[in-house]
């Protein structure tokens, strides 16, 4: 009987828990079927469409349960289902009173059936015949033998078949329970399937006659029921007991709605009994709700270790003998069933798409260690190992990580270089400013020092020239002290000193200075010729001058002629001007000495003529030019001078 009004109440209070399904959605699923309920359906439902009579053999025995069970099983297997039939065992003690009530109802139904047959009322015959139907033990044994020959597994429950089916789903040995009794939900089945009969096929929605509730394949999900009703499993069990079950009587006046409200308010039957109005709700004296609760929570079922589910090959010859000889089935019909059975078994071996998308579980460390040991013990194969798809993916992942790391490192290096460049620029600006300030101070000091040194050098050169002239004149006019040879030696020493001074001068003169040197040499040579002529004239005219004076003049004339030759030779030679410059300077200086000496002699002995004055003036101008040009400022130690950004002017 199950729970009174439970399916209707769930449809109203928790509609998301019930849904219509197609049989194709159960492909590849193991379905635990209540065999006693199926046999009952076959006995009352498989009838002739016109007479509603049971199928019988020659001796009058009913064979509808055999025909119906075989045809339904083959149809389920053709749709990809894997049925497991569970048979009832001994009924529980709590169900004794319920069985007595069912016996009394069956007797009344038999009496009504006789009257309907006498009257010929077909509708009443159909109605009362269903109430009088009872599945016998013999029918159960015949069904077990048929399923075994077909190779379909069966389970004999120690007690209720619904409770055993529910625990198969808990053990994950079955996907759902197929029965019409709603008490399978109270036993804890995860999914309950109703109306899994011969008419519940994939074409059920196309047939108008199948719009009736009894022919619609429905599925009830226990988890969604509890969620929709907002109850715990213990509260749901107490709620079902109050609604009415096979194990105890019910409280009069309490239906499914009242029971639900009381459970939501008091959470258990004990508190409900304490708080309800006893005058309004009569509690039965033998209300064994606690025992009923225990039978739902801990039913008598087979443990998981004792359950054996074996899919065997069908026994064709034995099956033919059982159907044809024992129960007088048509041979053609039997061969048709057997052929369908063999084809259906191939369909059940197909896997669901869900199995191809299951979540991958991680291996334990023990398994990984064992696998690595096995790999190490295996001998290495010859040849190169081809990279698998997983290896390629790993290599790509490693490359991506390396590229990301390089990109991040390059970005960091750029940022560090930028910071370093900024610091360098700041330090460089500071250092440049400091260097500029220091260079400015040093350049000012160097310019001052250079000017001072220039002035000192000019003064020294002037003093040296004066001293040389004075010494030379004294040597000329003091005949008692020095001889001609002494004068010549002194002049040679002075020339040597001048050459040393000129050698120390750096080669800082450009092309223009070299040209000026050559021009001055030409002018000086002409002047020397004139001076020599004048000196000869003066020597011939003056007879009162002593021999020493003439000797000195002659020596000077020879010296002047030698200097003239030197200057001409330097002009003709192609030697570098660096080597000629000191000689030219000495020649110019010696010529100047002779000019001064001759001028002094002329001033001392006789009046100066116009030619002599012109020569003297020319020599003084040349002397000024030479001193201005030949004695520029230049630092003594060129190596110690720092390199400047600008060129130093001489």
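Glycine is no exception: its Cβ is also placed from the backbone N, Cα and C atoms.
What you see is a predicted model, and the numbers here were worked out from it, not measured in a lab.
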Which range of 349-357, 358-366, 601-609, 610-618 is region 'Interaction with PCNA', per Swiss-Prot: 349-357
Of the candidates 88, 246, 249, the one that Swiss-Prot places in the Mg(2+) 2 site of 181, 183: 246
Candidate with the highest Cβ count within 10 Å, taken from the binding-site residues 160, 246: 160
Per DSSP, three-state class assigned to residue 246 (DNA binding site): coil
Spatial neighbours of residue 162 (Mg(2+) 1 binding site), counting only the binding-site residues 72, 181, 183, 244, 246 and Cα distances within 10 Å: 181, 183
Helix, strand and coil totals (DSSP H, G, I; E, B; other) for the region 'N-domain' (1-106): 55 helix, 16 strand, 35 coil
Residue 183 (Mg(2+) 2 binding site) CB neighbourhood, other CB atoms within 10 A: 22
Sorted by sequence, non-34, 88, 160, 162 residues with Cβ within 8 Å of centre, Mg(2+) 1: 36, 37, 86, 157, 159, 161, 163, 164, 165, 179, 181, 184
Nearest of the binding-site residues (72, 181, 183, 244, 246) to residue 34 (Mg(2+) 1 binding site) - Cα to Cα: 181
Rounded distance in angstrom between the Cα atoms of residue 246 (DNA binding site) and residue 183 (Mg(2+) 2 binding site): 9
For the region 'I-domain' (124-266), the number of residues DSSP places in helix, strand and coil: 74 helix, 15 strand, 54 coil
